[in-house]
């Protein structure tokens, strides 16, 4: 049998040494073999290891201790079954889930380890399974095969040692990437004799998880060669478009970069999880307190009373008989443990399992939501974790990337600046002003170029003319675009296509192609372009690649004329620092153009060149080679050399690329702001671009008081600017009327916070943005200033300013800075954060935030792979939070409140019974009932509540974003809500015990049989308990589905069926008790009395608050209910013939009444107060309304929208009142709002009319309402507008 050497874990590798085709040499280092294992268990280890893992949970370990105590006869009055059944059930369900997950991992491991590959053994190709591959082996791979281990590429079938790979398993990107071996090793071809004798020695970095970095050197035939990431094939990649290739194994098995990156992700816990842990500890202390009370009470009872009844209630032989006080003390001490067992159900063992089931179901609902399915790319929303759903409903801060997240990341070459001249603007022929192109604007004709792209659009003919007139600067500009890049050309169906690693690069190369500078081919040492039909071949001497620190890229080429030239493109702030002195005019003009482009929201790059002296380059090249073959500090040494040669550049111009906003971004940001969520944009773009995009997406608005810009170059300047910002914010705050948070009720959000529905912003449109969401301040800070702002000295000041602003934009930030900003808010603010991005540079902030959301866009799938939730478009974030997040939080809060209520109601019955059984730890219920109460009788209804319940539908959840407010204020479940639920359960248990106790005290049946025995009253209390908690959850259920009906009413049926089965079929100890009780009228009287006493106060309490102090949720739910009723009535009206059809022209223009019956009163006009308005027609009614001051008032600067869109006929006898008039009794608003550009916008909220009698005011201030005054003689009763 094959044995695998074990890696010596005590010795950490500093470097790795490998000799190809020399197994004996490599074996001495004990490198990992290629066998991988992601599974956790084996058949033998599963039971012990899984049990150890499960008992690490405090609740499981607690119940295990109780189970052990129950096996001690003189302590426990309960059979161990009562604890064993639920504990085993929970352990078994969890074990089955873990076993299934691990079985899938075993299957995956087996499939991977048994893949086959061809390995050279003694110069011959032998088929081996993957797990037998060793470090130093040379492997042959063929097209479309997975790569078995991390390899150094030696030779390929393609010219110049090229091969193509797909890295989807590593980073999710499906575009092909190019790798290239050394020219020296490529000469071996597929001569297996030469490859088998290859004895090169490789010294490289130790195993690590850096996918895009590799440092090493190859020593072969007395020469040293630099090795980098471009020569490495990683395990998990797939070979594409390459017939074959050979490579030597460098890392195998768990040392491969794929496995190094598959470490455990940091476990994220929700705020509810943390609160639950605190509550469970509190419940345990409460349990111990009850046990201590019962211990003291038992000792007193045994001393005062119990010792005199030892003839009837003998003490256990272990209890000392004399003196009696000693015996009573021992009994009391043992009773402590007995009551710990009896009352243990107050700690809910099934809570954690139920929570996980609900979260899993909620995750499926997110995955199945068709309204978050992106048709264009066939991409659904996906919950990649099942533990954070309710946290989505508590988000307070969103940190968003810009490019590809707010924008489409589909780049188009829009404008440019060449030699100080600006190109790309479109002018209006009539007035000469710059206008935006539209579908009627004629693009430039590129038909002169046979290789142009049909989809490319450009609208400035002057640039084409300058290019065709052989303008030297223009030619150098496009020549640079065609040469300075890492794009790979490809021919498909006879057409030239480009594979670019970034959309920006692809757009620039495409632009050069359309203007006649076509990138044709690339080899390891040359680049071929076609300039105006003439082929030019450039010798590629060096590539100075782009990274986030350098923010630029350069290539050094030898042109057809033999001269060496460096071409550079990069961020303007970097390139300008490397320009030679002089040419100030061009620099200034280009800078003006850059500012103009950025102001239009375009992405800019600067282009520059430098001629390089031959002698200097040879010296530089030699030093570059020395730095490239070193192992330590390679990147730092190379960066210094790059910095050295990229000096004294000559500016050519700048490019401007357009990246349009995604659909729905402004509306989404506006509605999230209304919901109370603060949005911070963290982008690498320059300040002007970021500000312009901020205005475009409504993050910044013209109504804002001011926009703070922090751009200090040192710590003193940054501190001074931040202090000024803070003072301005404090001054502004003193001028505002602050709404105290104490106005928030624990019921959610009271009317003074949410406002009436007419004042509440609605979405999903910009018409719903209220003044509060637009006014205030915004903060814009640059990356170099952020370096100082994130220092310990200033971080709290920066956070204080940022959190008081309506919006924050951080520009020119690095990926690390993004994560640091998120971590800063997490560290000091007790708020839930969410990060959203689409690229690899967003991974750090996605992992840092409480919740990470990845967008599957144009930059690969790395952000998605690191995220907790993935969506295809930013606009879906609105639905993810305002619908699924809010529902999940609401459901979880309701679930937890009810769960604790029913457990306290159940458990504390034993406590009240203790006063009547001498505190002897006797139980009031059947032991079997205790075992299955949480598992069978009450589990399914509460699960259905936690999965399906909703207060308002998804449309209204989006329409009224302020419904989200209770989530980030943590109002629906907190310590106070838990205490209320516990008190409710305590009171319920008291009524459940004492009502039956009093009813059956000295009770007797009609036949004279006693009905006051222990088993009968226990059965009665248990039955009433199940019915009461079932009625309670029926009251708690706001949204009924077929599953709710089945689980709620089915639980009652299931209870009676199981009771009869257990007692009569199995022969339970309580056999006949329930049957006997139900045969007497006393049972039914007790049942009804208990339900009435417990439910009437609940109904009355809820009715009072809903009717007198309704929350926003109550109001919206009422509107939703009324809309449904009106829709049904409207359908009935359309189906039912009516005399009103003949009076079609007299139909009223009002919207709807609360109750049927007022329509005829209003439309008849007989009992209406005359308003002096002439309603001859629609137009005349509107004109009269506009001319009649005092009747119609314009709100928010807009005119009153016509009500004729609600009905076909004229408005009869309707008067309008502005907000705040009518003695403060009503605050109706008009149905018209004004957008920022002054155009009228119709909100979606339907107009609702309510009637007012002469001597009373309406009971509900309804949204967008039209007041109808009735004559005092009419005075009909107002409709009942509220219900439970």
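Every residue gets a Cβ built from N, Cα and C, even glycine.
Where the annotation comes from TrEMBL, it is an automatic prediction and has not been curated.
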Inquiry  = If you look at how TrEMBL annotates this chain, which of 868-888, 952-972, 1015-1035 comes out as transmembrane segment?
reply    = 1015-1035
Query = Any idea which of 234-263, 324-353, 354-383 is down as transmembrane segment in TrEMBL?
reply = 324-353
From 807-829, 830-852, 899-921, the residue range that TrEMBL assigns the feature transmembrane segment = 899-921
Task = Match it up for me: which of 751-772, 773-794, 927-948, 1125-1146 does TrEMBL list as transmembrane segment?
result = 927-948
Inquiry  = Of the residue ranges 1082-1105, 1154-1177, 1178-1201, which one carries the transmembrane segment annotation in TrEMBL?
reply    = 1082-1105
Query = According to TrEMBL, which of these ranges is transmembrane segment: 1042-1062, 1210-1230, 1231-1251?
reply = 1042-1062
Message = Quick test of your reading of TrEMBL: among 155-184, 185-214, 275-304, 425-454, where does it put transmembrane segment?
response = 275-304
Ask   = the domain 'P-type ATPase N-terminal' (18-83): mean pLDDT?
value = 84
Remark   = Least crowded of the binding-site residues 403, 841, counting other Cβ atoms within 10 Å of each Cβ, is 841
Key: Residue among binding-site residues 603, 812 with least C-beta crowding, 10 angstrom cut-off   = 812
Ask   = Counting only pairs 6 or more apart in sequence, are there at least 3 Cβ pairs under 8 Å between the transmembrane segment (927-948) and the transmembrane segment (1015-1035)?
value = yes
Query = Going along the chain, which residues at least six beyond the ends of the transmembrane segment (275-304) come within the CB cut-off of under 8 Å?
reply = 58-59, 62, 324-325, 327-329, 331-333, 335-337, 339-340, 343-344, 346-347, 351, 355, 896, 900, 911, 914-915, 918-921, 973-975, 978
Inquiry  = For a quick check of packing: other C-beta atoms within 10 Å of the C-beta of residue 546 (ATP binding site), how many?
reply    = 18
Task = Please state how far apart, in Å and to a whole number, the two most distant Cα atoms are among 401, 402, 403, 505, 546, 569, 603, 683, 684, 685, 812, 818, 841, 842, the recorded ATP-binding residues.
result = 25
Note = Per DSSP, the domain 'P-type ATPase N-terminal' (18-83) contains 30 helix, 2 strand, 34 coil
Query = Are the transmembrane segment (1015-1035) and the transmembrane segment (324-353) close, by which I mean at least 3 Cβ pairs under 8 Å that are 6+ residues apart in sequence?
reply = no
Key: Distant-in-sequence Cβ neighbours of residue 401 (ATP binding site), under 8 Å, six or more positions away   = 681, 682, 683, 818, 836, 837, 838, 839, 841, 842
Ask   = Looking only at residues six or more beyond either end of the transmembrane segment (899-921), which have a C-beta under 8 A from one in the stretch?
value = 77, 279, 290, 294, 297-298, 301-302, 305-306, 313, 335, 338-339, 341-343, 345-346, 348, 351, 354, 933-934, 938, 942, 978, 981-982, 984-986, 988-990, 992-994, 997, 1021, 1025, 1028-1029, 1032
Remark   = Across every protein chain in view, the count of C-beta atoms other than its own within 10 A of the C-beta of residue 684 (ATP binding site) is 24
